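Data first, discussion second: the structure below is written as structure tokens.
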Amino acid sequence: MSSKDQSRLPHEKGFHISWDQIHRDSRALAWRLDGQGPDEGAWRAVVAITRGGMAPAMIVARELDIRVVDTISVMSYHSGGGKADQRRDAKVLKAPDADMMGDGTGILIVDDLVDSGKTLELVRAQYPNAHFATVYAKPQGEPQVNTFITGVSQDTWIFFPWDMALQYVEPYRGTD
């Protein structure tokens, strides 16, 4: 890798996703998952990995008529103080209902993107029989996903619509 490549900022190889695109891709994910659940093709519940998985999970739950929806909050990034986000070890901040989850059988766990796979690896260790689905997947994380729609290169930075305005806008509160 050249020194120019090493100094490239994450957004220099960017993939911008609009609200319309995430909606279409999330519906495509639902279509791919339809009839694949263990209970005569049905899923018992959808669990969104917050925060990025919430919009896709909502769309998947609607399309598949899944009424039981929960979240698991996993933090694996922290703000780099104006620099590109930097990784740290993943940890669960909020877990879904334990009685509902069991070992994950019949549970559909949804996220927007699998990058390194560390977040899904942590969640999969807790719910080994759950089905993991993401809208987008990078090669390093693909082994952690059962179903995804679009593959992107490992060095691509995805700009999701909830992170964007006409230009990047810091959230009102907090950057984690």
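The backbone N, Cα and C atoms fix where each Cβ goes, and this holds for glycine too.
Around D112 (5-phospho-alpha-D-ribose 1-diphosphate binding site), the C-beta neighbours below 8 angstroms that are at least 6 residues distant in the chain are I22, G52, G53, A55, P56, T134, V135, Y136, F160. If you look up Swiss-Prot, you'll see R51, G52, R88, D111, D112, L113, V114, D115, S116, G117, K118, T119 marked as 5-phospho-alpha-D-ribose 1-diphosphate binding site.
There are 17 other CB atoms within 10 A of the CB of W157 (GMP binding site), with all protein chains counted. In the three-state DSSP assignment, the secondary structure recorded for W157 (GMP binding site) is strand. Residues or ranges marked as GMP binding site in Swiss-Prot: R88, D115, S116, G117, K118, T119, W157, I158.
Mapped onto three states, the DSSP output places D112 (5-phospho-alpha-D-ribose 1-diphosphate binding site) in strand. Feature annotation from Swiss-Prot assigns Mg(2+) binding site to D112; the stated evidence is sequence analysis.
The guanine binding site annotation in Swiss-Prot covers D115, I158. In sequence order, K138, Q140, G141 are the residues near D115 (GMP binding site), counting only same-chain partners six or more apart with C-beta under 8 A.
Per Swiss-Prot, xanthine binding site is recorded for D115, I158.
On a Cα basis, I158 (GMP binding site) lies 11 Å away from V114 (5-phospho-alpha-D-ribose 1-diphosphate binding site). Cβ crowding, taken as the number of other Cβ atoms within 10 Å, peaks at K118 among the binding-site residues R51, K118. Least packed by the Cβ count within 10 Å, out of the binding-site residues V114, I158, is I158.
Of all the binding-site residues in the record (G117, T119, W157, I158), the one with the smallest CA separation from R51 (5-phospho-alpha-D-ribose 1-diphosphate binding site) is T119.
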